[in-house]
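According to Swiss-Prot:
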BINDING   Cys16, Cys19, Cys44, Cys208  [4Fe-4S] cluster binding site
COMPBIAS  137-148  compositional bias 'Polar residues'
COMPBIAS  149-159  compositional bias 'Basic and acidic residues'
REGION    137-159  region 'Disordered'
Amino acid sequence: MKIPEEEFLAPGHRGCAGCGATVGVRLALKVLGKNTVAVSSTGCLEVITTPYPETAWRIPWIHVAFENAAAVASGVERALKAKGRDDVNVVAFAGDGGTADIGLQALSGAMERGHNIIYICYDNEAYMNTGIQRSASTPYGASTTTSPHGKESFGEDRPKKNMPLIMAAHGVPYVATASISYPEDFMEKVRKAKETDGPAYIHLHQPCTTGWGFDPAKTVELGRLAVETGSWILYEIEDGDFRVTYRPVQRKPVEEYLNAQKRFRHLTEEQKARIQEYVDSVCQELRI
């Protein structure tokens, strides 16, 4: 795939060095183009790209509350439809907290109503903007400020909420998982979402150097390691048909992924083995 050179997210924003969210937004907007309206919930992306009076966005952009990105995007879509404008893409960007927790009700409603919008969840697996608190998307065993490891706790004790399958259960015509570390796979999925008649949901996995604890130069490498170990699986569901879009030639041990991050370094060998067993069971079910 030839990646367009034009940028719709300007450099000079205030993202952390190695920020994965901005990589994802840049790639998505290269596919969607200038005829796009973006809606962004409160979160990392909003804070780093629009410190008043500055903005890094080169397209129309709307900042909304933590919980209602999907609702506002659906309103924008209906307004454009009323004006006879079918040439404008409407995309919502929200983090995992604004998607799996606070914004789930609005997202569910927008998907169920069938609005012609694209919703991209940039998942860094915690509330990174407000202090690295756990979310429903925080993986089992991860240490956060509200699920810390210590004498009484080993970190997050709940499994990661499966948002893509929840969206698929709504009958959404296009649902996909993606990773910033596999840009062509992600951009192809954005293209399919753009061409979908109806709502589309993409769950984008993006390493967070601040919250996960790793070298900022290793963001893309760590994202690849998540996929190569089976900790994050790339797939799409088109009109109910499930397809894995990338299969590692030989899966690496999950321990390689866990050991590369500070948030998992407290885990015992027994706990790591338990995580490996879970990953193995999921991969076996999907024949990866």
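Placement of Cβ uses the backbone N, Cα and C atoms for every residue, glycine included.
Overlay of Swiss-Prot feature records on the structure.
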{"residue": "Cys16", "record": "[4Fe-4S] cluster binding site", "Cβ neighbours (10 Å)": "17"}
{"residue": "Cys19", "record": "[4Fe-4S] cluster binding site", "Cβ neighbours (10 Å)": "26"}
{"residue": "Cys44", "record": "[4Fe-4S] cluster binding site", "Cβ neighbours (10 Å)": "26"}
{"residue": "Cys208", "record": "[4Fe-4S] cluster binding site", "Cβ neighbours (10 Å)": "26"}
By a Cβ-Cβ criterion of under 8 Å, what residues six or more beyond either terminus of the region 'Disordered' (137-159) are in contact with it?
96-97, 99-100, 123, 125-126, 131, 211, 231, 258, 262-264, 266-268, 271, 275, 278
Cβ within 8 Å of the mean position of the Cβ atoms of Cys16, Cys19, Cys44, Cys208: remaining residues of the chain near [4Fe-4S] cluster:
Gly15, Gly18, Gly20, Ala21, Thr22, Ile48, Asn124, Met128, Thr209, Thr210, Gly211
Which residue counts does DSSP give the compositional bias 'Basic and acidic residues' (149-159) for helix, strand and coil?
0 helix, 2 strand, 9 coil
Secondary structure content of the compositional bias 'Polar residues' (137-148), with strand meaning DSSP E or B:
0 helix, 0 strand, 12 coil
